[in-house]
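Have a look at the structure below before the remarks.
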Amino acid sequence: MSDISEFKPLLNQSVGYGVVVGVGFFFAALMLVLTFLQAKFSKFSPSSSEEFSSASRSVKPGLVCCGIVSAWTWSATLLQSSTAAYTFGISGPWWYGVGGTIQLAFFAMIAAKIKMNANGAHTFLEIVKVRFGTAAHLLFTFYAFLCILVVCGSLLLGGAATVTALTGMNIIAACFLLPIGIAVYVVFGGLRATFVCDWAHTIILFIVIYIFLARTYATSSETGGISSMYELLKQASVDTPVPGNQDGSYLTMKSNQGMVFGAATILSGFSGVFCDQGYWQRAIASAPRSTTKAYMLGGLSWFAVPWAFASCLGMAARALVHNPKFPTFPNPLSDAQTSAGLAAPAAAAVLMGKGGAVAILLVVFMAVTSAASAELIAVSSLFLYRTYFRPKATGAEIVRVSHYFICFWAVWMGAWATILHKASIDLGWLFYVQGVVLSPAVVPIGLTVTWSKLTRAGVFSGCITGAILGMLAWMIGCWKIYGVINIANLAKPYSAVCSGLTGLLFSGTLTVLVSLAKPANYDFKGTREILVYDSVTIDRKASTESVDDSNVGAEANFTSENEKKVGEKTSIKEVAVPDNASTTHDDQAVDLETLQRIFRKATLYSIALTLVVAIIVPIPMFFSHYVFSRAFYTFWTACTIIWVGMSGLFCIVLPLWESRREIGVIGRGLLMLLLRRNIMNGDVDKRPSIHSESSNA
């Protein structure tokens, strides 16, 4: 009997094409409707470059929190975390959650500093160019595009592999078709509309998670509830013990491989957050007073997604390997199938049959589309058109060029994913290598907006030397640990940790030491004088549909005042907001003292959260070699359910509550428009009857 069985598709190819094309264009149509309503009934027009790229810097914390959860929920979040649970046991989902949450916590500090020191910026590259000049700007541009390439590859390879496994759809077709519908709604809607679609995606994500939780722990005869699930996992520990785990058990935090996976995930997570323009863009888009709050809520809410999802489906996949309904029965998943992220689809197929396959297909599609939309908006803002080609480009011209570049990148994403697939590179490979190639840039990028003593020499010595040493550690570590350097071994956890940790630590140390040797004393005046693109002379034509002349004049006056004074005053205005009456934030100046206080709170929150999730909870259980009892496993499972329930509340209900006034305004405007049209139609209907009566007379 062969040791490898084919993963049998549960759905027809037509279902795969229907979801990829049909659902994608459904959201594109939804985006068109939302864009029309926004332009018709609100002060914000997507034709404005500020609105398109930064949502006029007025997004409220609930929607930013939802956007962070949606953008950080990649296909890897669902698939790779489940793979970790299937491979290492209960520690895998926890360490995956840690690896993505503490970065968001620390980025809350960065977000506060962005509002304090560069509130007019559109990208972190803009801040770098103002502070350090063209050479540093080009260096970080390389890292920014490298990050987006890695992220886009991860998204499409993970999503396409799942679609192909469940439906038999051609994987190359999936790679090219997945970005197309996403590009359509990003082009028409801009950043604010992607936030709204993120909210819709997040609703579907949490509903599917709740369904799988209920099915796995309560209603499925295959798992038989929490107690029976515990017994199945105990038996799995006997049948297929985990090397390096206490007693070979899947029910312990004492997992050597799980600990190394956690280190690799943390390194990958820092790289994926700090080097990704998408996270900077969300910080820029949020209102100054609520930026840090949004990232705090986002980090806490996102943690529950991989922890609950993978603890449910990843562990269920391991427990149900010997179930006749398992897609590769009588064999477990092969190494290639596991690395492709098929543990969660396999469990879903056993638990819910075709319904489970559809649910996984839908939720992975939502993860790909929401994260890919964030990357498309981010890459459009990174395009160097205004920086090097047309410094005097108008806001309308910037929006038009952004549209072209989004369309180009959507096609290139498909081509890039196809190249990676043909090179036998999959989701697992990119997940581990992300920290390898990007970690040398993490500390210099973070310090650019936070540390006044940072120097250009420190930036270059840290990035370049860290990258060289990281590459050497990668090759040497792979050779010494695994005996041979090849594609598969380079993406194994120990190789990835050797390189990522070396790059991060040496880069950070050199950046700080070289800067301290001859420190700068930067006052951030230059970065605070970065201006918004739009003005009355730039976007008057684009704004006339939604903003009257008096409002345009007010915006122009505000922008010109900001140009003169933003570097001199000790307050930061929420720039590029054309109407001061729409929210409670828009007419308030946020002084530097308030932002400093927000930064201190973010620092304390970041340290506290890191201590709890990375040390206080897992480390004692690791060193005590504790194996979960049935009662403790039940408690652990209850915690995942409660946490993901609260996360859904934050992400679904809070945005609605915060935007209730705006929703009311749009609703009333739409109702009035419909009533007006009905009245006009009624008048038209009456006119023929008059003519008819006169003719009869």
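Just so it is clear, glycine is given a Cβ too, placed from its N, Cα and C backbone atoms.
Database features, via TrEMBL:
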TRANSMEM  15-37  transmembrane segment
TRANSMEM  58-74  transmembrane segment
TRANSMEM  163-188  transmembrane segment
TRANSMEM  195-213  transmembrane segment
TRANSMEM  300-321  transmembrane segment
TRANSMEM  358-385  transmembrane segment
TRANSMEM  397-417  transmembrane segment
TRANSMEM  429-447  transmembrane segment
TRANSMEM  459-482  transmembrane segment
TRANSMEM  494-516  transmembrane segment
TRANSMEM  602-623  transmembrane segment
TRANSMEM  635-657  transmembrane segment
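With a cut-off of 8 Å on Cβ pairs spaced 6 or more residues apart, the transmembrane segment (429-447) and the transmembrane segment (300-321) reach fewer than 3 such pairs and are scored as not touching. Of the two recorded stretches, the transmembrane segment (459-482) lies close to the transmembrane segment (494-516), with three or more CB pairs under 8 Å once pairs fewer than 6 apart in sequence are set aside.
Using a cut-off of 8 Å between Cβ atoms, the transmembrane segment (58-74) and the transmembrane segment (300-321) share at least three residue pairs, counting only pairs 6 or more apart in sequence.
Sequence-distant contacts of the transmembrane segment (15-37), counting only residues of its own chain at least 6 positions beyond either end whose CB sits under 8 Å from a CB of the stretch, comprise 46, 163-164, 166-169, 173-174, 177-178, 180-182, 184-186, 188-190, 193, 196-197, 200, 358, 361-362, 365, 369, 666, 670. Only residues 6 or more beyond the boundaries of the transmembrane segment (300-321), in the same chain, are considered here, and those with a CB under 8 A from a CB of the stretch are 65, 68-69, 72-73, 77-78, 81-86, 89-90, 92-94, 96-98, 100-101, 104, 205, 209, 212-213, 216-217, 222-223, 229, 232-233, 236, 239-240, 250, 329, 332-333, 343-344, 346-348, 350-351, 609, 613, 636-637, 640-641, 643-644, 646-647, 650-651. The highest tally of CB pairs under 8 A with the transmembrane segment (635-657), across 163-188, 195-213, 358-385, is held by 195-213. Packing against the transmembrane segment (163-188) from elsewhere in the chain are residues 7, 9-13, 15-17, 19-21, 23-25, 27-28, 30-32, 35, 46, 156-157, 194, 197, 327, 337, 340, 342, 345, 349, 357, 360-361, 364-365, 368-369, 372-373, 376-377, 380, 403, 406-407, 409-411, 413-415, 417-418, 421: each is 6 or more residues past its ends and has a CB under 8 Å from a CB in it. Same-chain neighbours of the transmembrane segment (358-385): 11, 15-16, 19-20, 23-24, 27, 53, 67, 70-75, 77-79, 122-123, 125, 141, 144-145, 148, 151-152, 155-156, 158-159, 162-163, 166-167, 178-179, 181-183, 185-186, 190-191, 194, 197-198, 201-202, 204-205, 208-209, 211-212, 276-278, 281-282, 344-345, 348, 352, 393, 398, 401-403, 405-406, 409-410, 413, counting only residues six or more beyond its ends whose CB sits under 8 Å from a CB of the stretch.
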